[in-house]
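Colleague: Straight from Swiss-Prot, here's the annotation block:
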- 27-414: domain 'Helicase ATP-binding' (DOMAIN)
- 40, 41, 42, 43, 44, 45, 46, 47: ATP binding site (BINDING)
- 93-116: motif 'Beta-hairpin' (MOTIF)
- 432-594: domain 'Helicase C-terminal' (DOMAIN)
- 624-659: domain 'UVR' (DOMAIN)
């Protein structure tokens, strides 16, 4: 396996708590600590710290993020830090996914509906290839990493190494390509295809659009191997030998499929006998028809729709045996980094139960064989069995992560900008509405923005109405808003179109509002998920991008969560102030450009108009034109590695198509 080492490229130097955090984490790895926790406040440069640890550790890395938006941001940042190494992106390749399900109470069967994104599938394949062949690889992945994948040995067995002067006929070579999932296509250059003309064979990889592979023959011998630029057809590089990867991440040898078909037939026979014995003739007929159709496709094409439901048989696993995942492609000394671990760990823990509950209905009512239950994500105890060294990252790590690290926490409290954690003030609930109104006036005078967090939709709506009647520029964000509408309100807040935004949960990922210097929290003492210590600390952190950051808790008494949050805040502020005083640092508000998700002004106006009149009938052509333009912008954003914008555009497109 190739290993040229990680090369960190940056104009930054570690500052504040970063040097100490980097050193402690590296020492922990060298001491073979199984788990470490990095507690880093918002804006403290945790990604840069981790980049330095990756460089020093010099081993393959899997970094888990709990959603695609944050994963894309991390991927983009790490690509910038490591331009000369492999940085890969592994998330679900579905732009839209509605899983197969059956609801017995209404006798409703819902077939699986998906919309695949080939760019994401290409990146997933690139991930498998890089992690299999290069040690200087970083993979940024979502929860998709714990879902089933082809058995690594099956995938690796399809790797095809060729070299100049290799004795092989052109016909044999083409047959070898077909066995690895490639399809002949002399008309169009589609990923995972090849075209053969004369002595030339051009292979179109499924893992990149940048080039295709040209193999030239002289008789029954390979004469030349080169990569050709896909756009200008110029030769990029010539090779003495070349490793060709399979055409698909699910390419299985012919013998494997044949063996799987035999096992599927045997299971089908047993299940049909069971339904016959139980008198469930409808379920028996349904299962027999569906499965025999799948078997015919498998025998003829080596593939069938929903082949993943037979993955246990394709892999040769026993009933209940753990599925293979991306984790099984990693070497034993890989480093596992879990970002926003307070969110990621519960997500990993919850995937299996939801998946199994849905599939049990499909099995019980004859839509799937029982083996479909083994097409599943990892159970949490299976995830824990992997013995990779782990680093958990969070501003609010949970007890689980802290216990895994035996109570040891690496803290990163100092921000490179010198910004302090916001001041917290407690005010009584009496006359709180009038008090908030007065605070908004002060904020307006300073040209600074405000967030108000309520606990119920009713209170949020009443507050919004009250302030609007007072002629205040106030907006309310609620769960019914689309991604586009929500983001548009936050952009208008930053621009000053609104002075205040009211909501229940404004802590969703990706919110970065430097103009917000005041957050007012209603019912701060009402213990709940949104008023827990972790949530309150996250709320306070949202005002930490502004030098004048403040938070007001409205409460008639102090809850335990409030008390712990305030003590945490005071401790951090003291550390930060002492550091700034010692190093003569003057805190400065973060400057962040306000960008439009939709860069074309006319397109932006059309979309706003379309969304605002979504209840009226719009022409299909108008919507199709909007979607086409948005998709072009999304692809451009992806090419420019602006994955945050690309993900936002993707969500807007899906909402438009569902409208």
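Heads up, the Cβ atoms here are built off N, Cα and C, so glycines get one too.
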Colleague: Please classify the secondary structure at residue 40 (ATP binding site) using three-state DSSP.
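Modeller: The three-state answer is strand.
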Colleague: Identify all same-chain residues not among 40, 41, 42, 43, 44, 45, 46, 47 whose C-beta atom falls within 8 angstroms of the centroid of the ATP site's C-beta atoms; report them in sequence order.
Modeller: 49, 395, 412, 415
Colleague: Would you say which of the binding-site residues 42, 44, 47 has the most Cβ atoms within 10 Å of its own Cβ?
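Modeller: Going through 42, 44, 47 one by one, the largest Cβ count within 10 Å is at 44.
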Colleague: If one looks at the chain holding residue 41 (ATP binding site), which residues at least 6 apart in sequence have a CB under 8 angstroms from its CB?
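Modeller: In sequence order, 395, 412, 413, 415, 421, 541, 544, 572 meet the Cβ cut-off.
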Colleague: Looking only at Cβ atoms, how many others are within 10 Å of the one on residue 46 (ATP binding site)?
Modeller: 21
Colleague: Kindly assign residue 47 (ATP binding site) to one of the three DSSP-derived states: helix, strand or coil.
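Modeller: DSSP assigns residue 47 (ATP binding site) to helix.
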Colleague: Return the residues near residue 45 (ATP binding site) by Cβ distance under 8 Å, restricted to its own chain and a separation of at least 6 in sequence.
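Modeller: 12, 16, 18, 412, 415, 416 - these are the non-local Cβ neighbours of residue 45 (ATP binding site), listed in sequence order.
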Colleague: Count the other Cβ atoms sitting within 10 Å of the Cβ of residue 43 (ATP binding site), across every protein chain shown.
Modeller: 18
Colleague: Hey, what's the Cβ neighbour count for residue 40 (ATP binding site) at 10 Å?
Modeller: 25
